[in-house]
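Undergrad: Before anything else, here's the structure in question.
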Amino acid sequence: MRVDLEDGALIASPFPWTAPHLLRLNFCTLSLVLFASANGYDSSMINCLQSLPPWVSFMSNPVGAWLGFITIAYWIGLLLAYTVAPYISDRFGRRLGLYIGLLFVTAGAILQGLSPNPAGWVVGRGLAGCAACFWSCNAPVLISEIAYPSHRAIVSSFYQCGYYVGSTLAAWIIYGTLGNSSSWSWRIPSLLQLILPLCALPGLLLCPESPRWLLSQERAEEAHAILTKWHAGGNGNSQLISQQMNEIQTALKAETESVQRTSYLDMLKTKANRRRLVITLSIALFSQWAGNGVVSFYLTKVLQTVGITKSSEQLVITACLQIWNLICGIGAALLVDLVGKRSLFHASAIIMIISYVMITAFSASFAEHHERSVGIAVIPFLFIYFAGYGIALTPLLIAYPCEIWQFSLRTRGLSITWIASCLFASFNSLVNPIALENISWKYYFVFLAVLILYSITEYYMYPETKGRSLEEIQTLFESENLEPTSTRATD
């Protein structure tokens, strides 16, 4: 099923999203985007808190390995939860895991906000990480599986933009508490990480279960009813619904015949799956090792290396950077159907390489001459760098793996994306503060090498999925003549 069906199955209006049933559906899918805010809120909060003397004092002046461990606690919780989250998603549906995540984040936020000691605060971070796991394992999959066909690429790309909604909120909340010299300067932001997940709750309550999951459980009548209500506005005779049901059932039947019970080992059994796995692991690597890890978690220390040491200046730069990131991510998500994913990957690699070269050069110059004007020159290139990151690795980190994996391995494929991202981020969290403390700007050369590898990998390995349904993308990967540089859907 193409998103531009010539037989009129899709709504022909130039503004199809204005149809009442699609407004309700898009309210639900965009509400689910807010579950991505957890990672963004946490990364921005842990970065900004390093500028708050009350938090620094409460956590016993964290530096080096101790600071790295505080950061990694979130990822430890996330990784531990991945031992059960994919199973719950496949066995009990996509929605249950989202509710479980709400329980974890509530416990984590309360423990962090009311913690009497550093250990309690770190444990609270771990619980927040568990919540992020259940959300990241279910929300993007549910979005891609319930979205209206012609909207899927855009709303799926919006998911990771929720990261910057969270990071923006955290940065400005902490900026607002900067003048408070008590422990509430960091307790308030810790408690308020509940805001965005709770804002997502009304949409979750209204949200339907995945029709693809229902069909996999042989609940065809329920799946048909959901597609009829949410995609056809109640028209049970819609040609679109018949086509969707046929395509999903055909794809599920083919998967059932090829493998009765899936496991992670199935990712290695076919050439198509091995390619999917390479793409999944590589995009996870580049999302964390493109240099953003240093800036996302340790921007305070990066700014200190170029002479920007005032807490107020650091927090304003951080907060403005989050708004900029959000704008870039949303802009790219809106363009993904127009220009295609490969074009976004190409532009992303070029922009990040050029800007990171300039960041490294100015940082080196400041280290030698200690001229404040040179240090300040780093700031615009940080914004340019994150524009490059935001146009591809923000919207496509989740949307792309969600598209390329077939239904039977989709949640496992997404789990691999998150697990790999967590492992790469955890290593970053431990190594970055130590490296910045010991070799300062010279550490940036590592990320320049990774960026060059990113440009090569995305050019030769990432196929275009523009204009294809989930089932067509599966067929594309199974074909023997898959050309990564192709930009046209196959018939």
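Any Cβ shown, glycine's included, is placed from N, Cα and C.
Please treat TrEMBL annotations as automatic predictions, because they have not gone through curation.
What TrEMBL lists as domain 'Major facilitator superfamily (MFS) profile' is 28-466. Marked as signal peptide by TrEMBL: 1-38. According to TrEMBL, the transmembrane segment annotation covers 63-84, 96-114, 126-149, 161-178, 184-207, 277-299, 315-336, 343-364, 376-400, 412-431, 443-462.
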Undergrad: Let me spell it out: take the transmembrane segment (63-84), skip the flanking residues so only those 6+ beyond its ends count, and list any with a Cβ under 8 Å from a Cβ in it.
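TA: Sequence-remote neighbours of the transmembrane segment (63-84) are 42, 46, 50, 104, 118, 122-123, 125-130, 132-134, 136-137, 297, 415, 418-419, 422-423, 425-426, 429-434, 437.
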Undergrad: Between 126-149, 161-178, 315-336, 376-400, who has the most Cβ pairs under 8 Å to the transmembrane segment (96-114)?
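TA: When the Cβ pairs under 8 Å are tallied, 126-149 comes out ahead.
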Undergrad: Which of 126-149, 184-207, 343-364, 376-400 shares the most C-beta pairs under 8 angstroms with the transmembrane segment (315-336)?
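TA: It is 376-400 that shares the most Cβ pairs under 8 Å with the transmembrane segment (315-336).
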Undergrad: Between the transmembrane segment (184-207) and the stretches 126-149, 161-178, 343-364, 376-400, 412-431, work out which stretch tops the count of Cβ pairs under 8 Å.
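TA: Stretch with maximum Cβ contacts: 161-178.
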Undergrad: Are there residues at least six beyond either end of the transmembrane segment (412-431) with Cβ under 8 Å to its Cβ atoms? List them, or say none.
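TA: Same-chain residues near the transmembrane segment (412-431) but 6 or more away: 65, 68-69, 71-72, 75-76, 78-79, 82, 85-86, 133, 136-137, 140-141, 262, 264, 267, 276-277, 280-281, 283-285, 287-289, 293-294, 297, 397-398, 401-402, 404-405.
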Undergrad: Which listed range (126-149, 343-364, 376-400) shows the maximal number of Cβ pairs under 8 Å with respect to the transmembrane segment (161-178)?
TA: 376-400
Undergrad: Over the domain 'Major facilitator superfamily (MFS) profile' (28-466), what does the predicted model average in pLDDT?
TA: 87
Undergrad: Are there residues at least 6 beyond the ends of the transmembrane segment (376-400) whose Cβ is under 8 Å from a Cβ of it, and what are they?
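TA: Here the qualifying positions are 36, 136, 140, 144, 153, 156-161, 163-164, 279, 283-284, 286-287, 290-292, 295, 306-308, 317, 321, 324-325, 327-329, 331-333, 335-336, 341, 344-345, 347-352, 354-356, 358-359, 362-363, 366, 414, 417, 421, 462, 465.
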